[in-house]
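To keep things clear, I will list the structure first and then write my remarks on it.
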Amino acid sequence: MKNLLVTLFACATLSYANAAENKTIRISTDNTDLVLQVGDNGRLYQTYLGEKLLHEQDLNNFQWNIHAGADGSVSKRGWEVYGGSGNEDYFEPAIAITHNDGNPSTMLYYVSSSSKAVEGGTETVVNLRDDQYPVDVTLHYVAYPKENVIKTWSEIKHQEKKPVLLSTYASAMLYFNNSAYYLTEFSSDWAKEAQMSSQQLQFGKKVIDTKLGSRAAMHTHPFFEVGLDQPVSEHQGNVLMGTLGWTGNFRFTFEVDNVGNLRVIPGINPYASNYELKPNEVFTTPEFIFTLSNDGAGKGSRNLHEWARNYSLKDGKGSRLTLLNNWENTGFNFNQEILAELMKEAKHLGVDMFLLDDGWFANKYPRKNDHAGLGDWDVNHDKLPGGIPALVKAAKDADVKFGIWIEPEMVNPKSELFEKHPDWAITLPNRETYYYRNQLVLDLSNPKVQDYVYGVVENIMKENPEVAFFKWDCNSPITNIYSPYLKNKQGQLYIDHVRGIYNVLKRVKANYPDVPMMLCSGGGARCDYEALKYFTEFWCSDNTDPVERIYIQWGFSQFFPAKAMDAHVTSWNKATSVKFRTDVASMCKLGFDIGLKELTADELTYCQTAVANWKRLQSAIMDGDQYRLVSPYEGNHMALNYVSKDANKAVLFAYDIHPRFQEKLMTVKLQGLNPNKQYKVEEINLMPSTESKLESSGKVYSGDYLMKVGLNVFGFTATQSHVIELTAQ
């Protein structure tokens, strides 16, 4: 009977494949075509990914097996859209399953496809099925025409009698046939995020991955760029820009095969994650978001920025709150009176909100430093006898909003929570415990822990519904990899932990949809578009030295809009002026973490003016199109400009980092302006009692002139900055 069922199943599957022979599936934006074709063998292949074709009939010219290997004369091989392990393809697969009978192979055949309209675009769903085992894979593609972005993910399920073992489960596979491939990756460390480096991809595999779990992107970020035929350039050339929406271990595989084709495979890193998939359980991979730009990385970034604001980032079209944070003012040492005074300073500065950072909680093991207290989210009575309600009232009296820092996914061993629930922490049995920053990661695969973590937010909001903002931190990667809850299913920990985080965040967003939140992970070690469905912004780095921030913010801007990137003015690198520090922070979402009492009267006046200017120009900076003009990686200066959607307002930021003696200073040619409009140029963010030294300030130029000739805005003084407002007349 078993053999009969398998035979019937195989025959039914193959009949689907034969009926669909040579079927073509077109996934399109306004600028890009991704073309899939069912081969003569019933399997699905990519036949084209590139600039959009004008004529539908041209799709019929593609041949699925034209990219065969060296033995193509005896083995027809193409670019299989979701290649399985154990088949005739000799390169990296998208999926690997060990079946109930021990067979480790997977061969997927086309069954059906459909399309439907979704918000902002069209979703195409493709169903595949193994011809010998009851395994189904569903591929999803959402194409956003105007933004020129495609989002793709896969779903895997089966109907075998027992669980199967998933050992590889990519989100997608993309193929390219170009003369050369140049990868730009984004390495990281604490205080050194989003560092760009490039290399040519040669034969073989290049893998970018992380195994850190909760603080996954501490050493490398979940995004990349690939220059096709030439290195990635800002303003011209073909470039693939991709990012994975997954707040955990990820892996990007770039494999150049024996005939010079490139396959790109993004997905969860399967390291230590052989996943037992139960019958009828659906395994959903993370979303892979990509854009293919024919006009360099700058255009690709604008595609992703617009897509994020429209469809991914929480409150992507809303405004953002400027703030004053207490961390560099006070550290752990504060009380109710000190904070109330800082709230008054926030109002005097002109920002919207005061943000209370670490150190406000725990009583039995008070949070006096980072050695104790995490997990005990009751207000410390010695520091804050009036609790959070008194702070909310003080903020209200000062006429600013109140926000608060939490790190609910973590626990200190020196805490009441750990005393009561040591089994809630991820810890190895029979081994010496390793602590990162004196803390452990809570096991979010455990539903009870999920309830507890959600309760941290809920308890604060129930008592204090006027709390206006959360800074959600995550300072530790997962150490001591073992879940007491999962027991003999440890291969699921890295995956189920992330799913547990999402379960919590979904509840927070559902119940408090209008409360903005900052995503933080010891800096910018969490920066993916799945997490940003629940957060309005993320903290780019603990490094607020403005010189370093220029590079960090340049890197993150490749994939994230300015309104998603938090930048604060602090005391890091006091050798630079307050103006320079503020001007660097102003190109992102502006905040302050500096004591006003350490500012001179002129510096304070300047900061107040800069805050007012940022608020006035927020729509252009936060929601306008960004054009990166001069790269800090290519010289001693940096410049970028933002242009409002109607092209009536633009803001140019220009920075002299470390100019060389009498180097040749080039003009900065703006982009994105209306060539037929006249623009008044005015330098803003000037120190009191000073006038602009720019010859162009106060004059009117055409957009055409500004884009073709440009402005002289660079100088020979190190760490000097200019902020220039352009207004259409």
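Cβ from N, Cα, C; glycine included.
Quick look at what TrEMBL lists:
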SIGNAL    1-19  signal peptide
DOMAIN    43-278  domain 'Glycosyl hydrolase family 36 N-terminal'
BINDING   TRP190, ASP357, ASP358, ARG437, LYS471, TRP472, ASP473, CYS474, ASN475, CYS520, ASP542  substrate binding site
ACT_SITE  ASP473  active site, nucleophile
ACT_SITE  ASP542  active site, proton donor
DOMAIN    638-726  domain 'Glycosyl hydrolase family 36 C-terminal'
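Positions of TrEMBL features highlighted on the structure.
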{"residue": "TRP190", "record": "substrate binding site", "Cβ within 10 Å": "17"}
{"residue": "ASP358", "record": "substrate binding site", "Cβ within 10 Å": "20"}
{"residue": "LYS471", "record": "substrate binding site", "Cβ within 10 Å": "24"}
{"residue": "ASP473", "record": "substrate binding site", "Cβ within 10 Å": "23"}
{"residue": "ASN475", "record": "substrate binding site", "Cβ within 10 Å": "25"}
{"residue": "ASP542", "record": "substrate binding site", "Cβ within 10 Å": "18"}
DSSP residue counts for the domain 'Glycosyl hydrolase family 36 C-terminal' (638-726), split into helix, strand and coil: 6 helix, 33 strand, 50 coil
